[in-house]
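If you look up TrEMBL, you'll see A:T65, A:A66, A:A67, A:G68, A:E69, A:G70, A:K71, A:T72 marked as ATP binding site.
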2 protein chains.
Amino acid sequence: MPTDIEIARSTPLKTITDIAASIDIPSDVLNPYGRYIAKLDRSFIAQLMDRPRGKLILVTAISPTAAGEGKTTTVIGLGDALKRVGCKTMLALREPSLGPCFGQKGGATGGGRSQVAPMDAINLHFTGDFHAISAAHNLLAAMVDNHVYWGNELNIDTRRINWGRVVDMNDRALRDIVVGLGGPSNGYSHSSRYDITVASEIMAIFCLAKDFDDLQERLARIVVAETTDRQPVTAGDLKAVGAMAALLADAMQPNLVQTLEGTPALVHGGPFANIAHGCNSVIATETALRLADYVVTEAGFGADLGAEKFLDIKCRQTGLSPDACVVVATLRALKMHGGVAKADLAHEDIEALKRGFANLERHVKNMQSFGLPVVVALNHFVTDTEAEFAVVRDLCRDRLGVEAIFSSHWSDGGAGAEKLARQVIEAIASSAVNLKLTYSDDQPLTEKIRSVAQKIYGAADIAVEASAAATLAKLEKEGWGNLPVCIAKTQYSFSTDKNLMGAPSGHIIPIREIRLSAGAGFVVALCGDIMTMPGLPRKPAAEAISVTRDGLVDGLF
Amino acid sequence: MPTDIEIARSTPLKTITDIAASIDIPSDVLNPYGRYIAKLDRSFIAQLMDRPRGKLILVTAISPTAAGEGKTTTVIGLGDALKRVGCKTMLALREPSLGPCFGQKGGATGGGRSQVAPMDAINLHFTGDFHAISAAHNLLAAMVDNHVYWGNELNIDTRRINWGRVVDMNDRALRDIVVGLGGPSNGYSHSSRYDITVASEIMAIFCLAKDFDDLQERLARIVVAETTDRQPVTAGDLKAVGAMAALLADAMQPNLVQTLEGTPALVHGGPFANIAHGCNSVIATETALRLADYVVTEAGFGADLGAEKFLDIKCRQTGLSPDACVVVATLRALKMHGGVAKADLAHEDIEALKRGFANLERHVKNMQSFGLPVVVALNHFVTDTEAEFAVVRDLCRDRLGVEAIFSSHWSDGGAGAEKLARQVIEAIASSAVNLKLTYSDDQPLTEKIRSVAQKIYGAADIAVEASAAATLAKLEKEGWGNLPVCIAKTQYSFSTDKNLMGAPSGHIIPIREIRLSAGAGFVVALCGDIMTMPGLPRKPAAEAISVTRDGLVDGLF
């Protein structure tokens, strides 16, 4: 099998005008970025919103291994397959973050024969959306310090500036810094931090805003600091909103690209799925739903994190609802959840598979508890055996009443996911979804956190640390109690111990810290140290990246 | 007179395809960014280089006031005028920096009826070039700290990491920071700094590289730190070059836009004119020279800084040479150089004008000393009187043998600069330039600095501080003695005292610090504290910026 980039380069792309025409987007609403990428005009999108929505398919996954189980390739393969079987289809995907391309994780444009293209452009600067978000974030940071410097009329407590800075780069040395050193002309010294851009609250706002007005209202609500008498100071107070909006104006328009099989895809936004909600922009999802009959989208990490937030945050705020849910698993990962060591995953192990099935089972049941019809997609690996597949298929049918489908889109493209596509179409046709969220708006914040921990994570209870409890009480008092919660915990386990595989139960979820994301519109509950600025590995991918004499970028993966 | 943005919006633009066609650029070598901006394909540019060069007109200025004397508007107005009188004309300009748009200085797309467009896009993210430069710079910074973190094989002395980080934002709190706090997993703490992106050595490299190979060779030479035994550590040693080049690959292609009168302009790159050489990319200048018969370009600050570096650095490294030089002045600024207070500049004052003429005289003589024919452009203000103009015109003729032309391009567009255009055409036609640089490659670095100080600044001598002298000796010993020098001093005076107006002589230029820019290919001599990270003013322009309901950005200037 050739490498991802070899496959991508050997596949001729259609012009973006042709791709747009295939989904009835007129060429005069395209803002091209090169020949294969375009942003869609704002006025075109506004006028689409009167149309009825197509069907929305949410792709999520079991608790992943470090490599991930292939959600993005499944979205792409399933989309290509839906198109092959005659459906008017569109994808809505997250934009890759630049930093991880130079580290260990690599890019995020799919792989094998299930890719969106052009992969080098999308993985590197793309249309500059993340740079725009970084600039807006850092402008606000500069305006906070500048306000203090010029007399501090708002009475900001420099010990309580919680708005750090961001950069789309893996740079661990910036996690904990002191700024404003070097004397009076450089301002007041205080400790600060850099997060990676995808962890910016502006990224979450960008992805949750329904339109440009909503964006600006959310930006105005961002709390950047507290005054010396502990009152919140917002971006609105600092008069930063218009300038931030100007930086984000172009970025807010969704980016149209194509899969290697020519399926149109909107790739737009990409917040973290721990401290934020982890899915592409609402604007992209809503636009795709007005243009296509079937829209395939994804949520970050496993279903306990990404899908839960997709439903309890994004759907709650917007009224969106999936019509079906695809849970992606691999036989290898299920064996790992059954206790098999990484080195032994290539061997058939029916008993381990049966034990590890518990992880898939809980995720599927969780999705069913939201009222969603579920299809399990088993992302095919060469070492998978028919006997192993039969075990999972039968357990899915017997215990969950769902179908598990082998999908070979990675090696075969859309043709390898046609069976999955037909199963999804049938699941949608045979059930009308009435979405049931995990908690209601009027439950207290602590109760919301407990609901997720018990209903989704299978925990016995939560243990809220004193300082976190104090923050929760303060937020309730200040009127933020009606917001949904966004729980930041490890993606590798239903518990907060990343080594606890399968489907642990009876565990306690510690709640260590509470942060308000007033602009995004949720309260973040951190269960432990959550990394918001990755580091580079010992041998960064950057060392192997180069540019050919023809100007092509090599070494991206 | 309407505002800049009102003029810009009321002027219908041609599509970028039409602009390209007007200068014989085929549409299939355009990489569009929206409808009015395009990058030019690398292969098209490579193939142009066999063609002969057109005529190059360098626009520079007297020692400026804080507002600047209108170099950029003169480049644009002169270009439009050359086109009006029938010349095949193109402009080569610097890209605006994002940070100052939110501060005091505003954007950099000209003004009045002499603007490049679309002004909001160019002033904000444009095609992302500066974001790409920031990303390449910050990737290298992350790779330095990451190398130390993972065992420090190269033996980097963390006290001697001189590669900071950059952001395209005015943020004084980042001038002096400590990074790597918070414990072992965040690396080794050390002091660091942020510069604004235009001060990055990568910006200088970007603008001096002849082609992509040259870019990569220069990137490899960047010295980021010293080892514990004081040996240089380079970006090449860190294996960072390929990844940095990948980030810069698209950015290296020049950006085609248009003036409000439809003259094609390449707007590309924009380094500082103190610690770097202050002019647009070599690639843009060389490309324009192959496409047009007349190319108008600019150098930053006054002629002592920008033009001197354009000639002694950019022309030296590339073999380029201007065919004529336009020195921009205003009667107001000349009166200021003659000792008039800012509040009184609107009144006629012949005696002050005669005194202040000394500043213009020295700049013109300096340009003549390079062997360039000079035309003085007097940027017209409503308060200027005919009597004042006659004084300057006569002094220019009598003492310098050059013509001074009133130019009203700001209020009248190209029509207001036709007389200037004809004078420039005549100056070019009547003299063949044999460029004489200020110093030769083989002079010692100290002698080069002295040459510039004495010949260009009119100084009696330089006074090199002990630590600077030690660095100069070290650089000579390490083999960098053949590089040109880049002197960083205030732009407001020929001396290092910004309040010393006119044409001071007999002064001493203190040399306080020496920095090697090995990739850019020059040695920087700092005469004092040079600000490489601006701050925001008390009332930042950001507070007045907003986005209209139609998605237009208001408040940029």
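Our numbering is plain: 1 for the first residue shown, then up by one each step along the chain.
Each Cβ is built from the backbone N, Cα and C atoms, and glycine gets one as well.
Within 8 A of the CB centroid of the ATP site residues A:T65, A:A66, A:A67, A:G68, A:E69, A:G70, A:K71, A:T72, the other residues of that chain are A:A61, A:P64, A:V328, A:T330, A:A333. When other Cβ atoms within 10 Å of the Cβ of A:G68 (ATP binding site) are tallied across all protein chains shown, the result is 21. Cβ environment of A:G70 (ATP binding site): A:A61, A:G111, A:V328, A:T330, A:N379, A:W410 lie under 8 Å away, each six or more residues apart in the same chain.
Taking the Cβ of A:T65 (ATP binding site) as reference, residues of its chain lying under 8 Å away and at least six apart in sequence are, in sequence order, A:T330, A:R332, A:A333, A:M336, A:Y492.
Within the same chain, residues at least six positions away from A:E69 (ATP binding site) with a Cβ under 8 Å of its Cβ are A:A61, A:I62, A:V328, A:A329, A:T330, A:A333, A:N379.
Around the Cβ of A:A66 (ATP binding site), a 10 Å sphere holds 10 further Cβ atoms from the protein chains shown.
Of all the binding-site residues given, namely A:A67, A:K71, A:T72, the one with the smallest number of surrounding CB atoms inside 10 A is A:A67. Secondary structure at A:K71 (ATP binding site), taken from DSSP and collapsed to helix, strand or coil, is helix.
According to DSSP, A:A66 (ATP binding site) is assigned to coil rather than to any helix or strand.
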